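Notes to accompany the following structure.
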Amino acid sequence: MSSSRKRLGVFTSGGDCPGLNTAIRAIVAHATLSYGWEVLGILHATQGLIERKAIPLNAEGLGGMDVLLNMGGTILGAINKGDTLGHADEVIAGYYELGLDALIAICGDGSLRILHQLAQKGNWNFLAIPKTIDNDVALTDRAIGFDTAVNTVVEALNRITSTAASHDRVFVVEVMGRTAGHLALYSGIAGGADIILIPEIPYSIEGICQHLQKLRDRWGRQFALIVVAEGSKQLEEDANHPRHCSIGQYIADKIAQHSPIPIELRVSVLGHIQRGGAPMAMDRLLAAGMGNTAVDLAAQGTFGRMVAWQAGQVVTVPIADVVAKCPRHVDPNSFLIRTAQGLGIYVGDKPMLPYVDPTLCRDQVICAI
(Lines of atoms letter the chains of each structure in order from A and count residues from 1; the text may use other names and numbers.)
(Lines give C-alpha, C1' and ligand atoms only; values in the text may rest on other atoms or scores of the structure.)
Protein backbone atom coordinates (compact mmCIF):
# COMPACT_ATOMS: atom_id res chain seq x y z
CA MET A 1 0.00 0.00 0.00
CA SER A 2 1.25 3.45 -0.83
CA SER A 3 1.08 6.38 1.55
CA SER A 4 -1.87 7.85 -0.41
CA ARG A 5 -5.28 7.62 1.25
CA LYS A 6 -6.21 3.97 1.54
CA ARG A 7 -8.98 2.07 3.27
CA LEU A 8 -7.84 -0.33 5.97
CA GLY A 9 -10.22 -2.85 7.50
CA VAL A 10 -9.88 -4.28 11.02
CA PHE A 11 -11.88 -6.85 12.95
CA THR A 12 -11.70 -9.10 16.00
CA SER A 13 -12.45 -12.80 15.61
CA GLY A 14 -12.79 -15.73 18.00
CA GLY A 15 -13.30 -15.51 21.75
CA ASP A 16 -12.88 -12.11 23.35
CA CYS A 17 -10.04 -11.24 25.70
CA PRO A 18 -8.50 -8.18 27.36
CA GLY A 19 -6.48 -5.97 25.02
CA LEU A 20 -8.57 -6.15 21.85
CA ASN A 21 -9.73 -2.55 22.10
CA THR A 22 -6.18 -1.48 22.90
CA ALA A 23 -5.00 -3.07 19.65
CA ILE A 24 -7.83 -1.42 17.72
CA ARG A 25 -6.80 1.90 19.26
CA ALA A 26 -3.19 1.44 18.13
CA ILE A 27 -4.19 0.49 14.59
CA VAL A 28 -6.57 3.43 14.20
CA ALA A 29 -4.14 5.94 15.72
CA HIS A 30 -1.17 4.93 13.56
CA ALA A 31 -3.14 4.45 10.34
CA THR A 32 -5.03 7.75 10.56
CA LEU A 33 -2.50 10.02 12.24
CA SER A 34 0.73 8.72 10.68
CA TYR A 35 -0.50 7.69 7.23
CA GLY A 36 -3.77 9.57 6.78
CA TRP A 37 -5.69 6.42 5.87
CA GLU A 38 -9.35 5.61 6.38
CA VAL A 39 -10.06 2.77 8.81
CA LEU A 40 -13.21 0.66 8.77
CA GLY A 41 -14.14 -1.48 11.75
CA ILE A 42 -15.82 -4.66 10.50
CA LEU A 43 -18.57 -5.71 12.92
CA HIS A 44 -18.54 -9.30 14.19
CA ALA A 45 -15.63 -10.36 12.02
CA THR A 46 -16.51 -12.40 8.92
CA GLN A 47 -20.22 -11.97 9.64
CA GLY A 48 -19.69 -8.27 9.07
CA LEU A 49 -18.08 -8.99 5.71
CA ILE A 50 -21.06 -11.15 4.70
CA GLU A 51 -23.57 -8.49 5.78
CA ARG A 52 -21.34 -5.56 4.72
CA LYS A 53 -21.57 -4.09 8.21
CA ALA A 54 -18.73 -1.72 9.08
CA ILE A 55 -18.22 1.54 10.93
CA PRO A 56 -15.65 4.30 10.36
CA LEU A 57 -12.96 4.45 13.04
CA ASN A 58 -11.02 7.63 13.73
CA ALA A 59 -9.57 9.54 16.64
CA GLU A 60 -12.30 12.17 16.57
CA GLY A 61 -15.16 9.69 16.56
CA LEU A 62 -13.63 7.73 19.43
CA GLY A 63 -13.00 10.78 21.61
CA GLY A 64 -9.25 10.68 21.16
CA MET A 65 -9.41 6.88 21.64
CA ASP A 66 -8.09 7.05 25.22
CA VAL A 67 -11.25 5.27 26.37
CA LEU A 68 -10.17 2.16 24.44
CA LEU A 69 -6.89 1.80 26.30
CA ASN A 70 -8.38 0.13 29.37
CA MET A 71 -11.69 -1.14 28.03
CA GLY A 72 -12.25 -4.90 28.07
CA GLY A 73 -14.02 -6.82 25.32
CA THR A 74 -14.18 -5.44 21.79
CA ILE A 75 -16.17 -2.53 20.40
CA LEU A 76 -16.38 -4.39 17.08
CA GLY A 77 -17.90 -7.57 18.45
CA ALA A 78 -16.58 -11.04 17.70
CA ILE A 79 -17.76 -14.49 16.67
CA ASN A 80 -16.33 -17.93 17.43
CA LYS A 81 -18.92 -20.15 15.78
CA GLY A 82 -20.65 -20.71 12.46
CA ASP A 83 -19.73 -22.18 9.09
CA THR A 84 -17.48 -19.42 7.77
CA LEU A 85 -15.84 -21.52 5.06
CA GLY A 86 -19.29 -22.62 3.90
CA HIS A 87 -19.94 -18.96 3.05
CA ALA A 88 -16.45 -18.29 1.69
CA ASP A 89 -17.59 -16.60 -1.52
CA GLU A 90 -19.83 -14.17 0.40
CA VAL A 91 -17.05 -13.36 2.88
CA ILE A 92 -14.51 -12.78 0.11
CA ALA A 93 -16.93 -10.59 -1.83
CA GLY A 94 -17.49 -8.47 1.28
CA TYR A 95 -13.81 -7.56 1.41
CA TYR A 96 -14.01 -6.08 -2.09
CA GLU A 97 -17.47 -4.54 -1.82
CA LEU A 98 -16.35 -2.61 1.24
CA GLY A 99 -13.47 -1.28 -0.84
CA LEU A 100 -10.72 -2.54 1.44
CA ASP A 101 -7.10 -2.16 0.42
CA ALA A 102 -5.97 -4.36 3.30
CA LEU A 103 -7.41 -6.20 6.30
CA ILE A 104 -5.94 -6.71 9.77
CA ALA A 105 -7.50 -9.45 11.90
CA ILE A 106 -6.93 -9.71 15.65
CA CYS A 107 -7.58 -13.39 16.19
CA GLY A 108 -6.65 -16.72 17.76
CA ASP A 109 -5.31 -19.85 16.13
CA GLY A 110 -8.68 -21.27 15.07
CA SER A 111 -9.83 -18.09 13.36
CA LEU A 112 -6.39 -17.57 11.85
CA ARG A 113 -6.53 -20.95 10.13
CA ILE A 114 -9.87 -20.10 8.51
CA LEU A 115 -8.92 -16.53 7.61
CA HIS A 116 -5.67 -17.69 6.03
CA GLN A 117 -7.67 -19.93 3.69
CA LEU A 118 -10.06 -17.11 2.84
CA ALA A 119 -7.22 -14.66 2.23
CA GLN A 120 -5.50 -17.08 -0.12
CA LYS A 121 -8.67 -17.89 -2.02
CA GLY A 122 -9.76 -14.27 -2.22
CA ASN A 123 -6.31 -12.80 -2.84
CA TRP A 124 -6.67 -10.43 0.12
CA ASN A 125 -3.99 -8.15 1.46
CA PHE A 126 -4.14 -9.77 4.87
CA LEU A 127 -2.29 -9.37 8.18
CA ALA A 128 -2.88 -10.89 11.61
CA ILE A 129 -2.31 -10.01 15.25
CA PRO A 130 -2.45 -12.90 17.78
CA LYS A 131 -4.82 -12.82 20.73
CA THR A 132 -5.87 -15.59 23.08
CA ILE A 133 -5.95 -16.22 26.81
CA ASP A 134 -4.73 -19.76 26.04
CA ASN A 135 -1.43 -18.43 24.62
CA ASP A 136 -1.41 -21.30 22.13
CA VAL A 137 -0.71 -19.39 18.90
CA ALA A 138 2.51 -20.70 17.38
CA LEU A 139 5.67 -18.68 16.75
CA THR A 140 4.89 -16.01 19.33
CA ASP A 141 5.93 -16.06 22.99
CA ARG A 142 2.89 -14.04 23.99
CA ALA A 143 -0.54 -13.32 22.58
CA ILE A 144 -2.71 -10.38 23.56
CA GLY A 145 -4.94 -11.29 26.52
CA PHE A 146 -2.80 -13.99 28.11
CA ASP A 147 -1.03 -11.88 30.73
CA THR A 148 -4.26 -10.35 31.99
CA ALA A 149 -5.95 -13.75 32.14
CA VAL A 150 -3.06 -15.12 34.21
CA ASN A 151 -3.44 -12.24 36.64
CA THR A 152 -7.20 -12.77 36.82
CA VAL A 153 -6.74 -16.45 37.67
CA VAL A 154 -4.01 -15.70 40.21
CA GLU A 155 -6.28 -13.19 41.97
CA ALA A 156 -9.02 -15.81 42.10
CA LEU A 157 -6.58 -18.40 43.48
CA ASN A 158 -5.49 -15.97 46.19
CA ARG A 159 -9.09 -15.58 47.31
CA ILE A 160 -9.86 -19.29 47.10
CA THR A 161 -6.74 -20.19 49.10
CA SER A 162 -7.87 -18.17 52.10
CA THR A 163 -11.27 -19.83 52.25
CA ALA A 164 -9.75 -23.28 51.58
CA ALA A 165 -7.35 -22.84 54.49
CA SER A 166 -10.10 -21.57 56.79
CA HIS A 167 -12.24 -24.67 56.27
CA ASP A 168 -9.54 -27.30 55.60
CA ARG A 169 -10.89 -27.96 52.11
CA VAL A 170 -9.33 -29.12 48.87
CA PHE A 171 -10.39 -26.88 46.02
CA VAL A 172 -10.33 -27.98 42.39
CA VAL A 173 -10.16 -24.83 40.26
CA GLU A 174 -10.90 -25.31 36.57
CA VAL A 175 -9.40 -22.84 34.09
CA MET A 176 -9.58 -22.55 30.32
CA GLY A 177 -7.24 -24.46 28.03
CA ARG A 178 -8.72 -27.22 25.88
CA THR A 179 -5.54 -28.17 24.04
CA ALA A 180 -2.76 -26.23 25.78
CA GLY A 181 -2.01 -25.71 29.46
CA HIS A 182 -0.12 -22.40 29.45
CA LEU A 183 -2.80 -20.58 31.47
CA ALA A 184 -3.03 -23.31 34.11
CA LEU A 185 0.75 -23.65 34.37
CA TYR A 186 1.58 -19.94 34.68
CA SER A 187 -1.29 -19.09 37.01
CA GLY A 188 -0.86 -22.27 39.04
CA ILE A 189 2.79 -21.55 39.82
CA ALA A 190 2.13 -17.86 40.50
CA GLY A 191 -1.01 -18.59 42.53
CA GLY A 192 0.50 -21.21 44.84
CA ALA A 193 -1.19 -24.33 43.51
CA ASP A 194 -0.25 -27.70 44.99
CA ILE A 195 -1.31 -29.62 41.88
CA ILE A 196 -1.39 -28.41 38.26
CA LEU A 197 -2.99 -30.56 35.57
CA ILE A 198 -2.55 -29.70 31.88
CA PRO A 199 -3.45 -31.43 28.60
CA GLU A 200 0.19 -32.07 27.68
CA ILE A 201 1.03 -34.25 30.70
CA PRO A 202 -1.29 -37.12 31.69
CA TYR A 203 -2.14 -37.47 35.37
CA SER A 204 -3.42 -40.30 37.54
CA ILE A 205 -5.96 -40.11 40.33
CA GLU A 206 -3.58 -42.23 42.38
CA GLY A 207 -0.82 -39.67 41.87
CA ILE A 208 -3.13 -36.85 42.95
CA CYS A 209 -4.26 -38.70 46.08
CA GLN A 210 -0.69 -39.59 47.00
CA HIS A 211 0.34 -35.95 46.69
CA LEU A 212 -2.52 -34.78 48.89
CA GLN A 213 -1.49 -37.39 51.46
CA LYS A 214 2.11 -36.14 51.25
CA LEU A 215 0.96 -32.58 52.02
CA ARG A 216 -0.71 -33.84 55.19
CA ASP A 217 2.18 -36.04 56.25
CA ARG A 218 4.92 -33.47 55.58
CA TRP A 219 3.28 -30.19 56.54
CA GLY A 220 0.16 -31.19 58.43
CA ARG A 221 -1.88 -29.32 55.84
CA GLN A 222 -5.52 -30.25 55.48
CA PHE A 223 -6.23 -27.86 52.60
CA ALA A 224 -4.90 -27.83 49.05
CA LEU A 225 -5.32 -26.08 45.72
CA ILE A 226 -5.64 -28.01 42.46
CA VAL A 227 -5.56 -26.04 39.19
CA VAL A 228 -6.76 -27.99 36.18
CA ALA A 229 -6.95 -26.97 32.53
CA GLU A 230 -10.25 -27.99 30.96
CA GLY A 231 -8.54 -30.31 28.46
CA SER A 232 -6.53 -32.36 30.97
CA LYS A 233 -6.58 -36.15 30.66
CA GLN A 234 -5.75 -39.19 32.77
CA LEU A 235 -2.93 -41.54 31.88
CA GLU A 236 -5.31 -44.13 30.46
CA GLU A 237 -8.57 -42.26 30.00
CA ASP A 238 -11.10 -44.33 28.10
CA ALA A 239 -12.28 -42.34 25.09
CA ASN A 240 -15.29 -44.68 24.84
CA HIS A 241 -16.56 -43.46 28.21
CA PRO A 242 -16.71 -39.67 27.90
CA ARG A 243 -17.21 -37.48 30.95
CA HIS A 244 -20.68 -36.07 31.55
CA CYS A 245 -19.52 -33.22 33.78
CA SER A 246 -16.75 -30.64 33.87
CA ILE A 247 -13.18 -31.85 34.27
CA GLY A 248 -13.04 -30.10 37.65
CA GLN A 249 -16.08 -31.95 38.97
CA TYR A 250 -14.84 -35.20 37.45
CA ILE A 251 -11.51 -34.95 39.26
CA ALA A 252 -13.19 -34.02 42.54
CA ASP A 253 -15.52 -37.02 42.28
CA LYS A 254 -12.61 -39.37 41.51
CA ILE A 255 -10.57 -38.04 44.44
CA ALA A 256 -13.53 -38.59 46.76
CA GLN A 257 -13.87 -42.16 45.50
CA HIS A 258 -10.21 -43.16 45.69
CA SER A 259 -8.62 -41.10 48.48
CA PRO A 260 -7.60 -43.27 51.46
CA ILE A 261 -8.25 -40.31 53.76
CA PRO A 262 -11.44 -38.26 54.17
CA ILE A 263 -11.28 -35.05 52.12
CA GLU A 264 -13.77 -32.22 51.91
CA LEU A 265 -13.77 -31.07 48.29
CA ARG A 266 -15.08 -28.04 46.47
CA VAL A 267 -15.05 -27.23 42.75
CA SER A 268 -14.74 -23.75 41.28
CA VAL A 269 -15.04 -23.28 37.51
CA LEU A 270 -13.74 -19.79 36.78
CA GLY A 271 -15.34 -19.69 33.33
CA HIS A 272 -15.66 -16.51 31.33
CA ILE A 273 -14.38 -14.24 34.08
CA GLN A 274 -10.98 -15.19 32.63
CA ARG A 275 -11.82 -13.34 29.41
CA GLY A 276 -13.05 -10.10 30.93
CA GLY A 277 -11.70 -6.96 32.53
CA ALA A 278 -9.29 -4.17 31.70
CA PRO A 279 -6.00 -5.32 30.15
CA MET A 280 -2.89 -5.35 32.32
CA ALA A 281 0.19 -3.32 31.37
CA MET A 282 1.88 -6.12 29.41
CA ASP A 283 -1.18 -6.68 27.23
CA ARG A 284 -1.44 -2.95 26.58
CA LEU A 285 2.19 -2.85 25.50
CA LEU A 286 1.76 -5.90 23.27
CA ALA A 287 -1.38 -4.48 21.69
CA ALA A 288 0.26 -1.11 21.04
CA GLY A 289 3.41 -2.58 19.53
CA MET A 290 1.63 -5.21 17.47
CA GLY A 291 -1.01 -2.79 16.20
CA ASN A 292 1.59 -0.25 15.11
CA THR A 293 3.70 -2.89 13.40
CA ALA A 294 0.74 -4.32 11.49
CA VAL A 295 -0.03 -0.87 10.09
CA ASP A 296 3.61 -0.39 9.09
CA LEU A 297 3.56 -3.73 7.27
CA ALA A 298 0.50 -2.61 5.34
CA ALA A 299 2.26 0.64 4.44
CA GLN A 300 5.22 -1.35 3.12
CA GLY A 301 2.97 -3.63 1.08
CA THR A 302 4.03 -6.66 3.10
CA PHE A 303 1.16 -9.09 3.61
CA GLY A 304 0.53 -12.70 4.59
CA ARG A 305 2.31 -12.23 7.90
CA MET A 306 1.42 -12.28 11.58
CA VAL A 307 2.92 -9.85 14.06
CA ALA A 308 4.55 -11.79 16.90
CA TRP A 309 6.42 -11.30 20.17
CA GLN A 310 9.74 -13.12 20.38
CA ALA A 311 12.63 -12.64 22.80
CA GLY A 312 11.25 -9.35 24.11
CA GLN A 313 10.53 -7.63 20.81
CA VAL A 314 7.95 -7.42 18.04
CA VAL A 315 8.75 -9.45 14.92
CA THR A 316 6.75 -10.76 11.97
CA VAL A 317 6.32 -14.35 10.80
CA PRO A 318 4.59 -15.96 7.79
CA ILE A 319 0.98 -16.82 8.58
CA ALA A 320 1.37 -20.10 6.71
CA ASP A 321 4.11 -21.14 9.15
CA VAL A 322 1.97 -20.17 12.15
CA VAL A 323 -1.03 -22.16 10.92
CA ALA A 324 1.15 -25.20 10.24
CA LYS A 325 2.46 -25.22 13.82
CA CYS A 326 -0.70 -24.35 15.77
CA PRO A 327 -1.64 -24.95 18.48
CA ARG A 328 1.48 -24.24 20.53
CA HIS A 329 1.59 -26.74 23.36
CA VAL A 330 3.40 -26.58 26.68
CA ASP A 331 6.68 -28.44 26.32
CA PRO A 332 6.66 -31.18 29.00
CA ASN A 333 10.43 -30.70 29.31
CA SER A 334 10.26 -26.93 29.72
CA PHE A 335 11.82 -24.76 32.38
CA LEU A 336 8.44 -23.94 33.92
CA ILE A 337 7.48 -27.59 34.29
CA ARG A 338 10.77 -28.24 36.04
CA THR A 339 10.22 -25.14 38.18
CA ALA A 340 6.81 -26.41 39.28
CA GLN A 341 8.26 -29.80 40.16
CA GLY A 342 11.10 -28.15 42.06
CA LEU A 343 8.52 -26.29 44.13
CA GLY A 344 6.90 -29.58 45.07
CA ILE A 345 3.92 -29.19 42.74
CA TYR A 346 2.42 -32.32 41.22
CA VAL A 347 2.13 -31.77 37.44
CA GLY A 348 1.23 -35.28 36.38
CA ASP A 349 3.10 -38.54 36.37
CA LYS A 350 6.34 -37.25 34.90
CA PRO A 351 9.82 -37.47 36.45
CA MET A 352 11.75 -34.23 36.92
CA LEU A 353 14.58 -33.80 34.42
CA PRO A 354 18.02 -32.43 35.37
CA TYR A 355 18.68 -28.74 34.84
CA VAL A 356 20.16 -27.71 31.49
CA ASP A 357 21.52 -24.20 30.95
CA PRO A 358 19.43 -22.83 28.04
CA THR A 359 22.37 -20.76 26.80
CA LEU A 360 24.23 -24.01 26.20
CA CYS A 361 21.29 -25.88 24.72
CA ARG A 362 21.26 -26.40 20.99
CA ASP A 363 17.57 -27.26 20.78
CA GLN A 364 15.76 -24.00 21.52
CA VAL A 365 12.37 -25.69 21.40
CA ILE A 366 13.23 -28.00 24.28
CA CYS A 367 14.89 -25.31 26.35
CA ALA A 368 12.24 -22.64 25.80
CA ILE A 369 9.71 -21.79 28.49
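Cβ atoms here come from the backbone N, Cα and C positions, even for glycine.
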Which of GLY15, GLY19, GLY177 shares the ATP site with LYS81, GLY82, GLY108, ASP109, GLY110, SER111 per Swiss-Prot?
GLY15
Cα separation, GLY110 (ATP binding site) to THR132 (substrate binding site) (Å, whole number):
10
By CA distance, which of the binding-site residues (GLY108, ASP109, SER111) lies nearest to ARG275 (substrate binding site)?
GLY108
If you count other CB atoms within 10 A of each CB, which of ARG178, ARG266, ARG275 wins among these binding-site residues?
ARG275
Cβ-Cβ neighbours of ASP134 (substrate binding site) (radius 10 Å):
28
